[in-house]
Amino acid sequence: MDRSSALSRLRPAVTAFARRHPADRWCVGLSGGADSLALTAVAAALKPTTALIVDHGLQPGSAEVAATAAARARQLGCVDAQVISVHVGTDGGPEAAARTARYDALDAARNGAPVLLAHTLDDQAETVLLGLGRGSGPRSIAGMQVWDPPWGRPLLEVRRADTVAACAELGLTPWQDPHNTDPRYTRVRLRTEVLPLLEDVLAGGVAPALARTAAALREDNDALDALAAGHLAALRTGDGLTVAGLEDLPAALRRRVIRGWLLGVGATALTDVQLRAVDALVGDWHGQGGAAVTSPLRYQRLVVSRHAGLLTVAARPV
């Protein structure tokens with residue numbers, strides 16, 4: 001491999017992202033691992049960059065790891081490096097709880113700037129497989145977006161092997177997160193067991209194929225979401241949703257309208273099962289009771305009911 005080959009794949013990816021999504025400055029979520037370290041090096045060479053290092057406090061020595069990452073970020077040319085300590089809860093399991101705490105911390109610290117995240121094509125493939133395995137629907141299978149404000153993912157077409165090689169080219173020694181090899185985590189088993197098996201059985205090219213599938217689905221999702229937004233604007237009545245107009249829509253489009261409405265009235269973490277239960281109040285109405293969806297408040301749920309031609313939402317204690 002030519003010594004410049006890995007960096008030559010990273011730099012154009014980040015430069016292209018910067019051109020499509022202009023910003024005077026940006027932040028980078030930095031763990032100290034190869035992906036985020038390589039991204040930080042490239043990003044800091046392009047524009048003023050603040051490294052944001054989240055210390056989850058889940059491992060012995062995590063404070064030292066975070067401090068080392070911050071020092072490395074300054075050496076790479078970042079204008080600032082901030083270590084943010086967070087408390088990780090238990091809702092949704094350890095992976096989901098850590099992710100929620102991390103994103104909340106990054107959002108609070110970014111000071112209006114976009115945040116670059118170092119997800120690679122390999123991460124995208126794992127995300128698609130997770131969505132397929134959980135039956136989460138097309139939105140989950142479509143994977144992560146390159147630009148999902150305020151989050152930017154300029155490396156989604158770059159392989160993990162390239163970030164490792166880029167660090168070697170730059171003389172950087174990445175931190176090896178023990179959680180990345182812990183088989184208790186579903187994503188780790190996908191990475192170390194499932195994807196290698198698929199690569200063997202299907203004779204290679206699985207990760208890029210999964211990423212292409214995600215890209216194609218995102219285009220379809222974007223088109224359907226735009227149509228749904230127009231119908232939602234026409235059918236929303238105060239805090240309710242008019243049933244008559246919903247009944248005329250194809251089921252796939254109707255559920256997107258319902259999803260947009262529910263998110264607008266405060267529902268969170270909507271599942272396909274929840275959406276279909278609410279949709280049944282329109283498409284399979286026979287006088288049934290309400291359908292529950294997730295509330296952002298821990299000891300509360302939201303219940304969607306149909307009455308007098310309207311869908312409405314009410315909060316109920318759990």
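Just so it is clear, glycine is given a Cβ too, placed from its N, Cα and C backbone atoms.
TrEMBL does not curate its annotations; it predicts them automatically.
Annotation source TrEMBL lists ATP binding site at S31, G32, G33, A34, D35, S36. Marked as domain 'tRNA(Ile)-lysidine/2-thiocytidine synthase N-terminal' by TrEMBL: 26-192. The domain 'tRNA(Ile)-lysidine synthase substrate-binding' feature in TrEMBL is assigned to 241-293.
On the structure: features taken from TrEMBL.
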{"residue": "S31", "record": "ATP binding site", "Cβ contacts under 8 Å, 6 or more apart": "I53, V54, A69, W175, D177"}
{"residue": "G32", "record": "ATP binding site", "Cβ contacts under 8 Å, 6 or more apart": "I53, V65, A66, T68, A69, R72, P174, W175"}
{"residue": "G33", "record": "ATP binding site", "Cβ contacts under 8 Å, 6 or more apart": "A118, P174, W175, Q176, D177, N180"}
{"residue": "A34", "record": "ATP binding site", "Cβ contacts under 8 Å, 6 or more apart": "R160, T163, V164, A166, C167, P174"}
{"residue": "D35", "record": "ATP binding site", "Cβ contacts under 8 Å, 6 or more apart": "A118, H119, T120, D123, L155, R160, T163"}
{"residue": "S36", "record": "ATP binding site", "Cβ contacts under 8 Å, 6 or more apart": "V28, G29, L30, L117, A118"}
>> With DSSP assignments reduced to helix, strand and coil, which class does A34 (ATP binding site) get?
In response: helix
> How many of the residues that make up the domain 'tRNA(Ile)-lysidine synthase substrate-binding' (241-293) does DSSP mark as helix, as strand and as coil?
Replying inline: 31 helix, 5 strand, 17 coil
>> Averaged over the domain 'tRNA(Ile)-lysidine synthase substrate-binding' (241-293), what pLDDT does the predicted model reach?
In response: 93
> Near the ATP site, what residues other than S31, G32, G33, A34, D35, S36 in the same chain have a C-beta no further than 8 Å from the centroid of the listed C-beta atoms?
Replying inline: L30, L37, A38, A118, T163, P174, W175, D177
